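> Summarising the annotation, TrEMBL assigns active site, proton acceptor to 35, 255. Positions annotated as N6-(pyridoxal phosphate)lysine by TrEMBL: 35. TrEMBL lists 130, 303 with the feature substrate binding site. Under the heading domain 'Alanine racemase C-terminal', TrEMBL lists 234-358.
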Ligand SMILES: *Cc1c(COP(=O)(O)O)cnc(C)c1O
């Protein structure tokens, strides 16, 4: 049986987005952040398209294993480092870089007699208050790491922003200033910027940038899509129209009948739902694209099906392909309707979605 719900991954978009990030980053090295299965686009597929990234950033050692198995030789940074002392051996074996953000990790390193080298990124908390050493603990943490024989000499200094998507938010300027003050006396490359900071905070460029969302054409800047920022969407999610039905004025559509026909009209049904990862929270009025025409979702999103108002798409026919997001319909718009961000949507595709590349 053929599957009708398809996530098409645009490899050319991934490559173009990386090139654009390089151009914006003024010579900084680019870490391609591919955690969460490449923001839902497929880890191996994304890494193949972005094979000339200077490093990959992952959340899990298992992702590092997959990237090494696929033949990638560049640096792979585990963004929260070892979770337990036992992780160190596997990280050394795979030559995965460790982000060290907590004293317990330094204790594991000090107690570890394994001589195989380990590259380290020291994470400082400059105001996000999630992971990282407080500014006053930075010097001592750095000195302890330098004293561990197997830790490579060059320690990258990093921090993460809490609100870099708000280009006028002074909290980011304060984080940059705090980072510069804390690291002034420390050697080593600097790494501060995530996607939004690459766009909006040139003072944060440093020696490395960490790009996630923008690689996939995704924006977290409120009210702005990736396309509007000059990045190409890397995922187009589509399915087919499987029914077209006439309804009468006053009839209600779907579970709990939350949408009532204001007139006699035509509705359509498409073969996708929250069981595929389309957000159930997308309310009536959320757009889809049918042959270039925008139609709106009416009623509740079900597990396998979504109901549409076809009054704006009179030429729609059963079997037509319907775009849920991607080229021509910004995923940010759908995310806004669903009360979430674009990352959450692309990361949420379930196993029954067929992934294809173009
Ligand atoms: C996910 C992540 C990034 C990438 O963030 P984007 O906003 O997607 O660019 C960068 N750094 C760290 C530590 C992360 O966890």
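Placement of Cβ uses the backbone N, Cα and C atoms for every residue, glycine included.
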> Check each residue in the chain of residue 130 (substrate binding site) that is at least six apart in sequence and keep those whose C-beta is under 8 Å from its C-beta; list them in sequence order.
160
> List those of the recorded positions 130, 255, 303 whose Cβ lies under 6 Å from any atom of ligand 1, in sequence order, or write none if there are none.
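Correct list: empty, so none.
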> Any idea what the Cα distance is from residue 255 (active site, proton acceptor) over to residue 35 (active site, proton acceptor), rounded to a whole Å?
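If we compare the Cα positions of residue 255 (active site, proton acceptor) and residue 35 (active site, proton acceptor), the gap is 36 Å.
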> Near residue 303 (substrate binding site), which residues of its chain come within a Cβ-Cβ distance under 8 Å, counting only those 6 or more away in sequence?
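Those within reach of residue 303 (substrate binding site), by Cβ under 8 Å and sequence separation of 6 or more, are 273, 274, 275.
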> Cβ-Cβ under 8 Å from residue 35 (active site, proton acceptor), same chain, 6 or more residues apart: which ones?
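Listed in sequence order, they are 57, 58, 59, 60, 63, 79, 212.
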> Could you put numbers on the helix, strand and coil content of the domain 'Alanine racemase C-terminal' (234-358), residue by residue per DSSP?
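Here the numbers are 16 helix, 47 strand, 62 coil.
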